[in-house]
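Let me begin by presenting the structure, written as structure tokens, before commenting on it.
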Amino acid sequence: MQRLLFPPLKAVMGSPCLRLLIPGAAPRTQCGCSCGIRRPLRPGQYSTISEVALQPGRGTVSHPSKAAERVVGRWLLVCSGTVAGAVILGGVTRLTESGLSMVDWHLIKGMKPPTSQEEWEAEFQKYQQFPEFKILNHDMTLAEFKFIWYMEYSHRMWGRLVGLAYILPAVYFWRKGWLTHGLKGRVLALCGLVCFQGLLGWYMVKSGLEEKPDSHDIPRVSQYRLAAHLGSALVLYCASLWTSLSLLLPQHKLLETRQLLRLRRFAHGTAGLVFLTALSGAFVAGLDAGLVYNSFPKMGESWIPEDLFTFSPLLRNVFENPTTVQFDHRILGITSVAAITALYFLSRRIPLPRRTKIAAVTLLALAYTQVGLGISTLLMYVPTPLAATHQSGSLAVLSVALWLMNELRRVPK
């Protein structure tokens, strides 16, 4: 009776029905019952428990390979380069006073430039209805209009290219499973910031197209909106570059000492100061504050100009008084160079890897080069090529500051 109710364990384990559930056990080819015949499996069926466990999403979490991480890192590095190009091109557009030449915005329709004489004349007539033509460019010819129109057009088309560079590869990498959970959130934020940046750009341009009957100033975009536009572009650039460096550069295992902690904190503060200095340049550009006092180190005949706090309330001077805006930009620039110099000497007191030392030396060299470019731009009354180089230099300094921060980042436990 026991043999009927409880067959021997060896006989049970030898059953081909159970062997299908044991990893590595091949089913018998001959059996007295029908279950010994191995039938072809339908899609979605698994012959062993181990095969079920190895399927994506069935008990295990798949992680992107190192090669996939490097591809994503290179993609974000290219994206940060396109953002840098947009910032530089936007600066040139501002310096050539071309930003208000296109008086409307269409995502698809705006991609086609005028091709015939009639289309160009119609576009020129639209421009003539707005304050910049009436007050500043009332004697402008069609040929001159074409130049400033193409400058703004190239900036807008480059912006569309930046959007495609982010969104299309992001969709591809997402579907391929090459993005970790944390990276997915960051990529979504970057793509959202790209779209927001385009809308913010048009919001900025609209401020320069508005009629202001009580004002006799040269039509220009709001310096607040210009700073917001540049600031969001810098955030997009820094986030993309930081993420790409984190994926591409192997992390150093530095000995966590008090000196290293102090250096790391000082590097973070210095990078923030460089960012703030670059952002203050938007107020200088928006108010044409670079043309107020074209002397250095003094501003005119004094160290502190008399018209530094002429606006009321006092806080308005920081953002709306050209004299104060230029004064603040000078102070921020000098403070940034002093901080970078101190950071360099602090880094020499700690044994650091060769790559980290190169980043510190490069940051120091670029900072002093940027100071020279800034002073030259000021003394020569802001020539476009030199001013554009100065604006590009701020991106270079910010990039290397981020690189140095990335070199000093803490190794996760």
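Note: Cβ is positioned from N, Cα and C throughout, glycine not excepted.
Under the heading transmembrane segment, TrEMBL lists 75-95 (among others). Long-range neighbours of the transmembrane segment (75-95) within the same chain, counting only residues 6 or more positions beyond its ends whose Cβ lies under 8 Å from a Cβ of the stretch, are 151-152, 154-155, 158-159, 161-162, 165-166, 169, 173, 190, 226, 229-230, 233-234, 236-237, 240-241, 243-245, 247-248, 285, 382, 384, 387-388, 391-392, 395, 399.
Among the features that TrEMBL reports, transmembrane segment is placed at 157-175 (among others).
Among the features that TrEMBL reports, transmembrane segment is placed at 187-205 (among others). Counting residues 6+ beyond its ends, the transmembrane segment (187-205) has Cβ neighbours under 8 Å at 76, 79, 99-100, 102, 105, 156, 159-160, 162-163, 166-167, 170, 173-174, 179, 221-222, 225-226, 228-229, 232-233, 235-236, 239-240 in the same chain.
Here TrEMBL flags 225-249 (among others) as transmembrane segment.
Among the features that TrEMBL reports, transmembrane segment is placed at 270-293 (among others).
Residues of the same chain lying 6 or more positions beyond the ends of the transmembrane segment (329-346) and with a Cβ under 8 Å from any Cβ of it are 262-263, 266-267, 269-270, 273-274, 276-277, 280-281, 283-284, 289, 299, 360-361, 363-364, 367-368, 370-371, 374, 397, 401, 404. Under the heading transmembrane segment, TrEMBL lists 329-346 (among others).
Annotated transmembrane segment per TrEMBL: 358-382 (among others), in sequence order. Tertiary proximity for the transmembrane segment (358-382) is limited to same-chain residues at least six positions away from its ends with a CB under 8 Å from its CB atoms, namely 95, 290-291, 293-296, 333-334, 336-337, 340-341, 343-344, 347-348, 352, 389-390, 393-394, 396-397, 400-401, 403-404, 407.
Listed by sequence, the residues of this chain that lie at least six past the ends of the transmembrane segment (388-405) yet keep a Cβ under 8 A from its Cβ atoms are 84, 87-88, 91-92, 95, 234, 237-238, 241-242, 245, 264, 267-268, 270-271, 274-275, 277-278, 281, 336, 340, 343, 356, 359-360, 362-363, 366-367, 369-370, 373-374, 376-377. The annotation transmembrane segment is assigned in TrEMBL to 388-405 (among others).
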Quiz item: Which residues of the same chain, at least 6 past either end of the transmembrane segment (225-249), have a Cβ under 8 Å from a Cβ in it?
Solution: 69-70, 72-77, 79-80, 83-84, 86-87, 90, 94, 183, 186, 189-190, 193-194, 196-197, 200-201, 203-204, 207, 275, 278-279, 281-283, 285-286, 355, 395, 398-399, 402-403, 405-407, 409
Quiz item: Restricting to the same chain and to residues at least six past its boundaries, which positions have a Cβ under 8 Å from a Cβ of the transmembrane segment (157-175)?
Solution: 68, 71-72, 75, 78-79, 82-83, 85-86, 89, 107, 111, 184, 187, 190-191, 194-195, 197-198, 201
